[in-house]
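**Q** So TrEMBL has the following annotated:
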DOMAIN    2-118  domain 'PLAT'
BINDING   Gly17, Asp79, Asp80  Ca(2+) 1 binding site
BINDING   Asp39  Ca(2+) 2 binding site
SITE      Trp103  site 'Essential for stabilizing binding to COTL1'
DOMAIN    114-650  domain 'Lipoxygenase'
BINDING   His355, His360, His538  Fe cation binding site
Amino acid sequence: MPSYTVTVATGNQWFAGTDDYIYITLVGTESCSERTLLDKPLYNDFERGAVDSYEVRVGENLGDIVLVKIEKKKYWVQDDWYCRYITVKTPSGDYLEFPCFCWLVNDKEVVLRDGRGSYLLFVCLPHKSHVLSCSSVNLQWREWQPGFPMSIDANRHKDLPRDIQFDSEKGVDFILNYSKFMHMFQSSWSDFSDFEKIFVRIKNTISEYVMQHWKEDFMFGYQFLNGCNPVLIRKCKKLPDKFPVTHEMVAVSLERELTLEEEIEAGNIYIVDYEVLDGITPNSTDPCTLQYLAAPICLLYKNAHNKIMPIAIQLGQVPGEDNPIFLPTDGQYDWLLAKIWVRSSDFHHHQTITHLLRTHLMTEVFGIAMFRQLPAVHPAFKLLIPHIRFTIAINTKAREQLICECGIFDKANATGGGGHVQMVQRAVKTLTFRSLCFPDMIKSRDVDSKEELPTYFYRDDGYKVWEATKRFVSDVVNIYYTSDERVQGDEEIQAFVKDVCSFGMQDLDYCEFPKSLKTREELIEYLTVIIFTASAQHAAVNFGQYDWCSWIPNAPSTMRKPPPNKKGLANVNLIVESLPDRGRSSWHLGALYLGMYPDEHFTEKPVKDAMAKFRTELAEITSSIKKRNEGKKLPYYNMSPDKIPNSVAV
């Protein structure tokens, strides 16, 4: 009687093991095995981290094994079980591997497909109807707010399917990260020395440097290139009518003996416009504290030393006598207060649009569609799952604790109380698929030239990581798809892409997300966008937050006085009274790497070779960034591969 050796690997997570009954059925092209209980006498099967082997005897030839069916039935006290994978050794000595990487909860069963490269031979053949779906997670879309990208249909983290919840330790970490500093501040500031006394004792290299130099124009300008929000600066080809800066206003700031118009033509003038904040309703959830927002426009000049320096700031979108253009030649406190208003507006744009919308919410859209449409054995699923890990969970917690009514945004930010919702609704209208492609995003702002902006490290490192990621994705895609027709014929990948556009992005006309993919190159770019958004882009806009935002005057989460409508009004007292109080400041302090695949979903040697090549290339990028940073007072490491987490998980 032929027998098959079945090996079952249980996960290493806390409580991954089970005492329940586990049954297996082998499905071949010729026949199926009997439903077999996997049990060894006097042996504690399926413990955490265990790899257990069993014999499955059959009465006839099964043919080629294409499916494995796993069932979990209650023994006594029902518990969940995390199955990593199952391998099958055939009577002829061949080894087949069936990836699972999911939780089996209650009385659940899953059907696993062979994880070898032959998978796409099944999905592209007419007779593939016998190949069942093995999706372990049944997810539904929900519109959390009108005009938002769609999110998961769950109100609380504990309502999520077990497969996409945080590990228990991770869930605790999330709560602690946003609460561990809340006890530190309970009253108002009195002057700048108050900030310094508190923040010196929790300093790090960059945050301390920011504390010491935040008032300087160089520090202000540098952050548009390499700070938390390095995605807004663009070359100014023509001054907008709403920002009537004249040569006479800024002549003293220009260093090349050129007029302002000539400097613009020479490519030395840049602009940042916070128009998206115009008319956003300020937070009014605290009747005891009025809060204010502004929609500034800032003109920047690349001086003879290639430093980006501010030369003009207008705090509103409509020019007029009550909306003056502030200049470096104004009184020191007028100019400082104008820069603080820009920094506060930049904080809001960063938190709500750059960080929340364009990394967290977008990765969730891709993740939900992936779980809905791609089985765990699909090569695209195996490629993407490390980068989707925990994203849906953290976003659910954010909707539960941070951006919900009475959440931390309401307590701390001037855009709380609904302003952040208005901002996302506006920003979605400019969120196109091409704007998520890193090279396109850089070129659209005319900041792609290293000769013109030699210290734009976010751009330089981003290009390197993007290209390395794309080469890796290309290697993997070309292993499985030998032609464009293979892409077109893969119904699951086409359903995934359509789900993202038609449901995740609600088929909005302006989003311009593809509904289908016709070529391997399109698939490569699509997968690269997902991986880059979830890993490198998120890292670039997330992990510098403490560096640049822990010194509150450099990134105020709210302003308690209105923006000045005249010059000559500002002094130290007005600035301190405008800045957040101690309680709101605490939010700043509350707020795992690319190329690492902790669960080896891929079992094929060519893909593992591609992974090794990818890691080698990333190590070389890391080394070059480390060398560049040597001796710098402001090192840029947010896109260094050794510091880029795989997924949006914080």
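Yeah, the Cβs are placed from backbone N, Cα and C, and that goes for glycine too.
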**Q** Between the Cα atoms of His538 (Fe cation binding site) and Asp39 (Ca(2+) 2 binding site), find the distance and write it as a whole number of Å.
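**A** That separation, Cα to Cα, works out to 45 Å.
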**Q** Could you state the whole-number distance in Å separating the C-alpha atoms of Asp39 (Ca(2+) 2 binding site) and Gly17 (Ca(2+) 1 binding site)?
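**A** Cα of Asp39 (Ca(2+) 2 binding site) to Cα of Gly17 (Ca(2+) 1 binding site) measures 14 Å after rounding.
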**Q** For the binding-site residues listed here, His355, His538, which shows the highest count of neighbouring CB atoms within 10 A?
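**A** By the 10 Å Cβ neighbour count, His538 comes out on top.
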**Q** Between the Cα atoms of His355 (Fe cation binding site) and Gly17 (Ca(2+) 1 binding site), find the distance and write it as a whole number of Å.
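**A** Approximately 36 Å lies between the Cα of His355 (Fe cation binding site) and that of Gly17 (Ca(2+) 1 binding site).
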**Q** Can you tell me the CA-to-CA distance separating Gly17 (Ca(2+) 1 binding site) and Trp103 (site 'Essential for stabilizing binding to COTL1'), as a whole number of Å?
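**A** Per the Cα atoms, Gly17 (Ca(2+) 1 binding site) and Trp103 (site 'Essential for stabilizing binding to COTL1') stand 10 Å apart.
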**Q** Using all protein chains in view, find how many other C-beta atoms are within 10 Å of the C-beta of Trp103 (site 'Essential for stabilizing binding to COTL1').
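**A** The Cβ of Trp103 (site 'Essential for stabilizing binding to COTL1') has 24 Cβ neighbours within 10 Å.
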**Q** Only counting partners 6 or more residues apart, tell me which same-chain residues put their Cβ under 8 Å from the Cβ of Asp79 (Ca(2+) 1 binding site).
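**A** Result: Phe15, Gly17, Thr18, Asp19, Asp20.
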**Q** Among all the protein chains here, how many other CB atoms are within 10 A of the CB of the residue listed as 'Ca(2+) 2 binding site'?
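**A** Other Cβ atoms found within 10 Å: 13.
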**Q** Report the residues of the chain - excluding Gly17, Asp79, Asp80 - with C-beta within 8 Å of the mean position of the site's C-beta atoms, for the recorded Ca(2+) 1 site, in sequence order.
**A** Phe15, Ala16, Thr18, Asp19, Asp20, Trp81, Tyr82
